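Engineer: According to TrEMBL, the protein carries these features:
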- 17-34: transmembrane segment (TRANSMEM)
- 55-76: transmembrane segment (TRANSMEM)
- 96-129: transmembrane segment (TRANSMEM)
- 141-161: transmembrane segment (TRANSMEM)
- 173-191: transmembrane segment (TRANSMEM)
- 237-278: region 'Disordered' (REGION)
- 241-262: compositional bias 'Low complexity' (COMPBIAS)
Amino acid sequence: MSTPGEYYRSLPPVSKTYGVGCFMFAAALYFELYDPWNIALDYGLVIKRFQVWRLVTNFFFLGPFSFPFAFDLIMIARYGVALERGPFDKRTADFMWMLMFGALSLLAMAAVPYLWSPFMGTSVVFMIVYVWSREFPNSPVNIAGVVSFKGFYVPYVMLTLDLMFGDPLKPDIMGMVAGHLYYFLTVLHPLSGGKFTLKTPLWVHKLVAFWGQGIQVNSPVERNPQAGVAFRGRSFRLNGSTRTSSPVQPQTSSGTTTTTQQADGVAFRGTGRRLNDP
């Protein structure tokens with residue numbers, strides 16, 4: 001059994017980053033470091049006061065620490081990780097674009113006053129679940145070992161549970177619409193002979209390459225070679241001199257190598273002989 005640290009390091013980058021971001025927002029709220037309405041989606045403040053961060057931060061808010069928050073986080077760890085390790089394996093840029101496309105679709109729907117919601121993190125989670133259900137329609141799923149069904153019905157079962165618990169259904173339905181729109185444009189429409197295919201934009205490939213996390217096969221952009229490097233520079237010896245190259249050792253005509261005098265700190269000085277010397 002792996003330790004929590006090993007499990008954390010084994011998670012794929014995009015799902016891990018999104019899950020950690022949601023957890024950090026909830027932790028900051030627990031310590032009362034911010035007011036939730038300062039990160040909520042408000043098109044009036046975005047346009048009039050140029051508070052553009054609201055277009056992003058609302059997707060990382062899953063509510064305060066509670067059972068619904070834990071349930072959403074488990075959904076990310078279960079279905080988001082399964083997608084990133086399955087159909088999106090070695091396709092980090094494509095998986096990131098799926099989340100971005102879903103967020104853009106939700107922002108477009110939220111422009112309609114009736115569909116507006118201040119926080120749409122739950123809708124993103126439901127989108128992930130919906131796409132998983134289409135990618136793994138025959139995967140067996142059970143609830144508490146009592147009810148078993150196929151993976152295709154997971155979003156509808158969760159929708160029914162929210163209805164029974166009295167939770168709002170609008171965020172769930174919006175997430176399903178965003179997920180179906182993505183799946184239709186990337187899978188169903190091309191399979192039916194459609195010419196239009198939703199492809200990952202070049203700037204997303206560049207973003208992932210600059211990030212330096214994950215793998216994208218057939219990426220049009222090379223990965224940033226300096227990603228993840230904390231420091232690059234020249235090395236110095238303890239006595240303060242800089243070493244840029246190794247000293248050249250001249251050879252005599254008899255094949256004996258003589259060692260030049262070097263600065264202090266050299267562990268051995270002497271005359272080297274070739275193995276075939278008499």
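Every residue, even glycine, has its Cβ placed from backbone N, Cα and C.
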Engineer: Among 55-76, 96-129, 141-161, 173-191, which stretch has the highest count of C-beta pairs below 8 Å with the transmembrane segment (17-34)?
Structural biologist: 55-76
Engineer: What stretch in 55-76, 96-129, 141-161 has the biggest tally of Cβ pairs under 8 Å against the transmembrane segment (173-191)?
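Structural biologist: Result: 96-129.
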